[in-house]
Amino acid sequence: MSTQFAYTPIDEIPRIHADLRKSFRAGTLKSIEARRTQILQLAYLLQDNYDRFKTTFAQDLGRPSLEVAFLELNSTIGDCKIAYDRVAKWARTESAPFNVNFAAFRPVIRKEPKGVVLSISPFNYPVWLALGPMIGAIAAGNCFVLKPSELSPATSGLIAELIPKYMDPGVVRVVFGSVPETTKLLELPWDHILYTGNGRVARIVCAAAAKTLSPVSLELGGKSPVVIDPRCDLKTAAKRIMWGKCVNAGQTCVAPDYILVQEDAQDMVIQALKEAHDEFYPNGAAASPDFSHIINQMHFNRVRGLLEKTSGTAVFGGQTDEARLFVAPTVVKGVKGDDSLMSEELFGPVLPVVPVKDVDEAIEFINERDHPLALYVFSQDSSFKNKVFDNTQSGTAVANDTLIHCATDGLPFGGIGASGSGHHGRKFTFDMFTHLRASLDSPSWIDIILGSRFPPYNASLLL
Ligand code: NAD
């Protein structure tokens, strides 16, 4: 059953914005209990419609049910539970650290909502990246507008259908649509905009936000490298790299984008990757129910085009099927820095292997490019890991695994430079949408000590 949901009429958008502003001013989410009720409703929305979401994911991305459960639905329900349990603690007013010079002012930091916030989300994790920010924004007491991706129409449409049934329309609204609807949204002043997606659109968002002085956080992508120490546990490494690349057919912002390894270890690494691939998909990925397809024709053409232009050698994979938007997991050997496969984030199941002389050359290769969203190192040697981490910059630095850091409770998720700015994930999403309002209460008697601050000044008091 395909879910069709109509785009939001453009002339309704300013009214949605005005309604939420009115609701925010009326204090709809002032109390922690009101926030918890909405967070709980969001968890019910997912729980009650679990199977419908599995169907929409299959329609949009051919996504296997287990991946949908593990990486989208359960993790988002888990984030609801964390926020529900911890929101009172997160929102508690904090005393400033004790300082005898200022203690009399009773300085505190009030955790206040920013107001009415907007989140524009991408197609690749259409539940987790659409509803995760909503949880943190509501926990912080904001009213929230979601613009989910039109490229995953079944899942985004289902979200647009269900939000009004489960959530208070004075708290959350969905604007469903594509560029014209987003352009209209961006003409309005927001108390915060979170944009998750590619760098080209991020520039459009920032330019529009500059006109209304709306603060922006950017969760972007880029090419996340993997540096392999040839002495590492290669069998485990290959499995984890291949998994990170094949989940959602490589359409993950932190998917390992390319491998850097010493030239004389290249074949050994490729052999291990091939074994991992064959273990995952014994009859090939095309025949497997556990492998997704590329989101649409445009992205399929883009990935296929990059593969056609490479001067490296596809050592396995390389098959494509346009009718099914299928690209096989493909490992390409002997890729150089100026290759087509190194020209942009691949966002598909293609894994170039770039041979380097040694770890120093790998570090130089990374530092010559934009700071990646994730940097992976596979090594059991701490000096190897530290050398790579200490001499590079990236959103996250992960040793001996891939992707898993996004779900790790307590860790911020975000990029640096071209891979983004700002952090999200549970408490960090709450912080993103929270205004730290400095506050103090000065007693009258303090002027016995500080009375000399008032004119006429007495210069003799200067030391
Ligand atoms: P997308 O095409 O779904 O676009 C993202 C959003 O931008 C959508 O809501 C879309 O409607 C909107 N948009 C598109 N064109 C626009 C325009 N001209 N003006 C205003 N809004 C517009 O997804 P995408 O951008 O292709 O997503 C993939 C990218 O996102 C990759 O680079 C990936 O690495 C990155 N990503 C980052 C994170 C993160 O948390 N850092 C997570 C997921 C994806």
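Cβ atoms are placed via backbone N, Cα and C, with glycine included.
Summarising the environment of GLU219 (active site), the number of other Cβ atoms within 10 Å of its Cβ, over all protein chains shown, is 27. Per TrEMBL, active site is recorded for GLU219 (among others).
According to TrEMBL, the active site annotation covers CYS253 (among others). Under DSSP, CYS253 (active site) is assigned to coil, being neither helix nor strand in the three-state scheme.
Annotated domain 'Aldehyde dehydrogenase' per TrEMBL: 21-437, in sequence order.
Geometry remark: CYS253 (active site) versus GLU219 (active site), CA distance 9 Å.
The DSSP secondary structure for GLU219 (active site) is strand.
Taken together, the residues in the domain 'Aldehyde dehydrogenase' (21-437) have a mean pLDDT of 97 on the 0 to 100 scale.
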